[in-house]
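What follows is a set of notes on a single structure, which appears directly below.
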């Protein structure tokens, strides 16, 4: 039996993630009080459900800090995957404004910003339980695609998933990054009029990057660092490791680096690539 637990901040995309799981054949339970997790799983196991997804957050009004204890009580034969979704405060405020929904912790005595802050503090102990996704810059279709890839990976044999994410510093560092590499010191294709509108996927940009000695050296250095320490993360039983590569806009250099690193480590782990700065990006697994 496999159980995917979804938690995170209100407005971060939990409903979207749960709907994708439901459409993928998971038996889904929304807004479960954390104290009932073990009871629910034991019951569903007797009903022979193979794939279960559960959303647990602040809506139940219960103390969610019992969740880590509940997870320890689950039978070891059951595979547990945990997804924590969050977004920047300004992004969440904009989403609540657009949908005109009420934040579950808001009342007439506190502002929306204060409600978000309180929820973030209450959920802080859960951020390290599993895979952490910052949805601040993710469109709904992009989040759906990522959850689908997460499902595909969860149904494969257990192994570290290594996620390479390109991003632009002008939009902020991804909240879910475990390691961050800043490559803004490298020559920028953006200033070449013939390359400005292209991306790190395009052959012209690839040739430009490959012609830069510093880019090649930095790529080797990052590869060497990850190659040295990746076995330690695997020995630590990490399920996910997110490596963020940042340039100015997240369009050229970081995209090129993320793709190159993904190919380099293709045989060392389940490798997933995500490009936050590309409007039409879809998450994908590296292929040789």
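Cβ coordinates come from backbone N, Cα and C, glycine included.
Annotated ATP binding site per Swiss-Prot: 8, 9, 10, 11, 12, 13, 14, 15, in sequence order. For residue 14 (ATP binding site), the number of other Cβ atoms no farther than 10 Å from its own Cβ, over all displayed protein chains, is 23.
The Cβ of residue 57 (GTP binding site) lies under 8 Å from the Cβ of 7, 8, 9, 10, 14, 31, 64, 104, 123, each of these being in the same chain and 6 or more residues away along the sequence. Look at Swiss-Prot and you will find 57, 58, 59, 60 tagged as GTP binding site.
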Handout entry: Cβ within 8 Å of the mean position of the Cβ atoms of 8, 9, 10, 11, 12, 13, 14, 15: remaining residues of the chain near ATP
Key = 57, 85, 86, 87, 92, 135
Completion exercise
Counting Cβ atoms within 10 Å of each Cβ, the densest environment among the binding-site residues 9, 58 belongs to 9
Completion exercise
Comparing local Cβ density (other Cβ atoms within 10 Å) for the binding-site residues 10, 12, 15, 60 points to 12
